[in-house]
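Written below as structure tokens is the structure these notes are about.
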Amino acid sequence: MSLIFVLNGPNLNLLGKRQPHIYGTETLADVERDCRALAAELGHEIRFHQSNREYEIIDWIHEAREVAAGIVINPAAFTHTSVAILDALNTFEPPVIEVHISNVHKRESFRHHSYVSLRADGVIAGLGTQGYLLGIRRVATLIAAAAS
Ligand code: DQA
């Protein structure tokens, strides 16, 4: 059993209420529940966090360095601004999958650039909250491949 961190950036605490035509009606609690169920099915455990503060996300990545076998991260707006989150992820060796609920490439041009993509092993965008589950599946596949 490995530990996978699922990290969420700013405003995702409002998932379900926030621009539902873009982000859907599922809440972050719904996403957390589904991520936990899938991780258990795959024989892994998750630590699920959300913050509106950049430093907290960085601190969780540092914590992940010590204990986690992979990270699934939706950095939200920090995707497009945060060299600090990129730097933190660059200190983390195991798999990193970047998730966006919406298709950022279909939206404003400032959402087309991601600092995090410079580190991510894979990027999922536009698949709704299902992207988190696919991200966990991919991390689990990479964990199994690294162990074999
Ligand atoms: C997002 C896309 C970002 O551009 C935006 O700032 C978010 C959410 C997504 O999940 O689609 O807050 O990461």
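Glycine is treated like the rest: Cβ placed from N, Cα and C.
Small disclaimer: the values here were computed from a predicted structure and weren't measured.
According to TrEMBL:
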ACT_SITE  Tyr23  active site, proton acceptor
ACT_SITE  His100  active site, proton donor
BINDING   Asn74, His80, Asp87, Ile101, Ser102, Arg111  substrate binding site
SITE      Arg18  site 'Transition state stabilizer'
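Features recorded in TrEMBL, as mapped to the structure shown.
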residue	record	Cβ within 10 Å
Arg18	site 'Transition state stabilizer'	12
Tyr23	active site, proton acceptor	19
Asn74	substrate binding site	27
His80	substrate binding site	16
Asp87	substrate binding site	13
His100	active site, proton donor	23
Ile101	substrate binding site	23
Ser102	substrate binding site	18
Arg111	substrate binding site	17
Spatially closest candidate among Asn74, Asp87, Ser102, Arg111, the listed binding-site residues, to Arg18 (site 'Transition state stabilizer') (Cα to Cα):
Ser102
Out of the binding-site residues Asn74, Asp87, Arg111, give me the one sitting nearest to the residue listed as 'active site, proton donor' by CA distance.
Asn74
Looking at the binding-site residues Asn74, His80, Asp87, Ile101, Arg111, which ones sit with their CA no more than 10 Å from the CA of Tyr23 (active site, proton acceptor)?
Ile101
How big is the substrate site in terms of the longest C-alpha to C-alpha distance among Asn74, His80, Asp87, Ile101, Ser102, Arg111, in angstrom?
24
DSSP three-state assignment for Ile101 (substrate binding site):
coil
For Asp87 (substrate binding site), which DSSP three-state class applies?
helix
Kindly assign Arg18 (site 'Transition state stabilizer') to one of the three DSSP-derived states: helix, strand or coil.
coil
Need the DSSP three-state call for Asn74 (substrate binding site) to compare against my parser.
strand
